[in-house]
Amino acid sequence: MLEFEFMRRTLMVGLMLGISIPLIGVVMVNRRTAMMGDALSHTALAGVGLGLIAGFNPVAGAILVAVAGAFLIETIRKYAPQYGDLATAVTMAAGLGLAVILSDLAPGGRSFESYLFGSISSVMWSDLILTAVVFVLVVGASIVLYGSLLDMSVDPTLARLSGTRVGMSNAIFTALAAVTVALGSKIIGALLVVSIMVLPVASGAAGFA
């Protein structure tokens, strides 16, 4: 099958996402915010619908809306931590509801469905380049910010007192998580991207338990 160009593109994108998404998942699981990935994938669908209606790249729309949703969740978690889980649930419900409305208004319902279930035939060279950039950023951030992210996951207050730049590290992680989930929605599908994010981490944790 690799004689087809789109299959080679899809394989390369799949390999990079197969590494990037679980790396994001490690931090989310440690922070007990695994459902945030599900919320972002559903929120990204609203961005896809927005892009189709406005006439620009749906991936760009998915990234913009997913990033906005991610920072909304993190802002609520920061200033009202008791409502952190509620913020995730409300963001997911609002994103999915908006996506349903926009899907009815968007021209080309088939294009919208490809982001819901994923489509290996829709991977373009621009997607490959963008995925490669995000892959490098995610792997680089995971290496450089490993200590900060680990401290934040265990005890954010103690991490801040020990001199860790919690705000900057959290902002970088939040943005990368949103972008990675939005990209994964196009190929893996918004319904399945959270599985790639959580299941490998859960399996690894069970193996070392």
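Cβ atoms are placed via backbone N, Cα and C, with glycine included.
What you are looking at is a predicted structure, and each value in this text was computed from that prediction instead of being measured.
Feature annotations, reproduced from TrEMBL:
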- 12-29: transmembrane segment (TRANSMEM)
- 49-73: transmembrane segment (TRANSMEM)
- 85-108: transmembrane segment (TRANSMEM)
- 128-150: transmembrane segment (TRANSMEM)
- 171-199: transmembrane segment (TRANSMEM)
Stretch among 12-29, 49-73, 85-108, 171-199 sharing the most Cβ pairs under 8 Å with the transmembrane segment (128-150):
12-29
Which bits of the chain, at least 6 residues beyond where the transmembrane segment (85-108) starts or stops, bring a Cβ under 8 A of a Cβ in it?
33, 35-36, 38-39, 42-46, 48-50, 52-53, 65, 69, 72-73, 76-77
